[in-house]
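As structure tokens, the structure follows; a few thoughts come after it.
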Amino acid sequence: ESSRTMATVNLRALTSWVGIARLLAVVLSCLAFSLVASTGHFGGPYGTWCMFTWCFCFAVTLLVLLLELLELYPLLPLSWDDFTSAFSMLATLMVFTSSVVFPATLISSPCSSSQCARQAVATTASCLCFLAYAVEVSLTRAKPGDISSFLSTVPGLLKVFEAYVACLIFSLLDNREYSREPGLMWCVAVYSICFIFTLLIIIFTIGRCLTYIPCPLEKVLVGYNFLALLMYLTATILWPLYSFQGRSRPDSCDANCWWNKNLGVTFLTIFNLIAYLVDLVYSTRMVFFRAP
């Protein structure tokens, strides 16, 4: 009985390179949120976001390790490879954002107190945690020609990136800003429509629902990427045009200033435009130029 129980423990989940990367991510994310929690200084939306990121990534990565260690993941009604690929990409992006946002908004200068030292160590742990997740993404990325798990391919990883950038855009949008111009309202519609469709593709892939779609999926994805690219192209032109037209930057402009937020949205729109362009190129190659 004991040997049968032991047989279900897969130690490779901890000793493989991917397992080691996940273990490092668990330790480093735990270190980051523990140090910041010990300072008691993480109020406001930015501090709360960073703490949520570290706690969320710690909890989910620990769960992934336990499910792989005890070989329980086949019992789950989802595509495990797609789920772990999507999560590691999401965690990479979230921890990277926190590693930039936390020191920029919460570490005061000059840095001399013990509280500041703990914040600095937490930032270092967060940066190393980002590297651990980035290593996991590179280790689990599908090799060229292998499309068994879509979200581990370049187009799949880009889907997670596109959805995440759209979330960042939503966090910067101000209703008073975009409701004054039809051009800006169109841009918000573009961000929303593309986000919803991209999120549905991710959810359907993880939930193994894509097989029920009656049309050839790869060609649908190419068509969607082309439309999303065109829509983002219009947003890339219209957003800065209507946001800054005849309006100069205010003298006192902090992180919550409309000018800085609109500039952030402009850059994030360009990032997503590039992402959809690369996505289109890769997905077109996968569909129409697949090696025989």
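Glycine residues also receive a Cβ, built from the backbone N, Cα and C atoms like all the rest.
The domain 'MARVEL' annotation in TrEMBL covers 13-145 (among others).
Under the heading domain 'MARVEL', TrEMBL lists 150-288 (among others). Across the domain 'MARVEL' (150-288), the DSSP tally of helix, strand and coil residues reads 113 helix, 0 strand, 26 coil.
The transmembrane segment annotation in TrEMBL covers 20-37 (among others). Distant neighbours of the transmembrane segment (20-37): 14, 47, 50-51, 54-55, 57-58, 61-62, 64-65, 91, 95, 102, 118-119, 121-123, 125-126, 128-129, 132-133, 135-136, 139; these residues of the same chain sit at least 6 beyond its ends, with a Cβ under 8 Å from one of its Cβ atoms.
If one looks beyond the transmembrane segment (49-67) by at least 6 residues along the same chain, the residues whose Cβ comes under 8 Å of a Cβ in the stretch are 13-14, 19, 22-23, 25-26, 29-30, 32-33, 36-37, 42, 73, 76, 84, 87, 91, 94-95, 97-98, 101-102, 106, 126, 129, 133. Residues or ranges marked as transmembrane segment in TrEMBL: 49-67 (among others).
The transmembrane segment feature in TrEMBL is assigned to 87-107 (among others). Cβ atoms under 8 Å from those of the transmembrane segment (87-107) belong to residues 25, 29, 36, 41-42, 44, 46-47, 49-50, 53-54, 56-57, 60-61, 64, 116, 119-120, 122-123, 126-127, 129-130, 133-134, 136-137, 140, 151, 157, 160-161, 164, 168, 255 of the same chain, restricted to positions at least 6 beyond its ends.
Proximity of distant same-chain residues to the transmembrane segment (119-135), defined by a Cβ-Cβ separation under 8 Å and at least 6 residues beyond the stretch ends, is recorded for 17, 21-22, 24-25, 28-29, 31-33, 35-36, 39, 41, 50, 54, 57, 88, 91-92, 95-96, 98-99, 102-103, 106-107, 111. Positions annotated as transmembrane segment by TrEMBL: 119-135 (among others).
According to TrEMBL, the feature transmembrane segment maps to 147-172 (among others). Taking Cβ pairs closer than 8 Å, the transmembrane segment (147-172) reaches residues 79, 81-83, 85-86, 89-90, 93-94, 97, 137, 140-141, 191, 194-195, 198-199, 201-202, 205-206, 210, 221, 225, 228, 261-262, 264-265, 268-269, 271-272, 275-276, 278-279, 282-283, 286 in its own chain, all 6 or more past its ends.
Under the heading transmembrane segment, TrEMBL lists 184-206 (among others).
The feature transmembrane segment is assigned by TrEMBL to 221-242 (among others).
Below 8 angstroms of C-beta separation, residues 153-155, 158-159, 161-162, 165-166, 168-169, 172-173, 187, 191, 194, 222, 225-226, 228-229, 232-233, 235-236, 239-240, 243 of the same chain, each at least six residues beyond the ends of the transmembrane segment (263-282), sit close to that stretch. Taken from TrEMBL, the feature transmembrane segment covers 263-282 (among others).
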